Amino acid sequence: MDRQLIIVIGLPGSGKTHLCREISSLDSSRQIVDDFIGSFYNGNVMNLLTGKCKLCINDPRLCLKNVFKRFIKIFEQDIGQENIYLILFENNPEQCKFNVQNRNDNRKGILEIVDQYSQRYDIATYSKYDYEIRTVFK
């Protein structure tokens, strides 16, 4: 798993942020960009990658095929597919909704997003990349 870019993909509440923190704790040189799409267009992620920084990024929107394809194309052009590793959380909406309800962060609409994304989250989307599948955090 010593690639420059680790992308963690899963539904809200799957454990993406928790896993990124675990990965970073094992390699202090690896930076985390949580929910990276919201800040992608300020150039920070690409500047870090261009500077050869090791990143662990995540965003639940990567469960959507069109969103994943848009961003993976950019990353492949910049650092090459061989420098990218994916960690996919299983598509387990019930456990994710349980986790969301128990984290008490008062974000609105997340349970609906879990349902919407789970209907479109297809592991086959990622099959041409090096990846592993993890169980949802319990």
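Residue numbers in this text run from 1 along the chain shown.
Each Cβ is built from the backbone N, Cα and C atoms, and glycine gets one as well.
Since we're looking at a predicted model, the values are computed, not measured.
Pulled from Swiss-Prot:
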type	residues	note
BINDING	D35, F36, I37, G38, S39, F40, Y41, N42	ATP binding site
Exercise. Under a criterion of Cβ-Cβ distance under 8 Å and sequence separation of at least 6, what residues of the same chain contact G38 (ATP binding site)?
Worked result: D59
For this session: Identify, among the binding-site residues F36, F40, Y41, the residue whose Cβ has the fewest other Cβ atoms within 10 Å in this structure.
Result: Y41
Problem set entry | Nonlocal residues around I37 (ATP binding site), in sequence order (Cβ under 8 Å, 6 or more apart) | D59, R61, L62, V67, F71
Exercise. Among the binding-site residues listed here, S39, N42, whose Cβ has the fewest other Cβ atoms inside 10 Å?
Worked result: N42
Problem set entry | Other residues, Cβ within 8 Å of D35, F36, I37, G38, S39, F40, Y41, N42 Cβ centroid (ATP site) | V33, N44, V45, D59
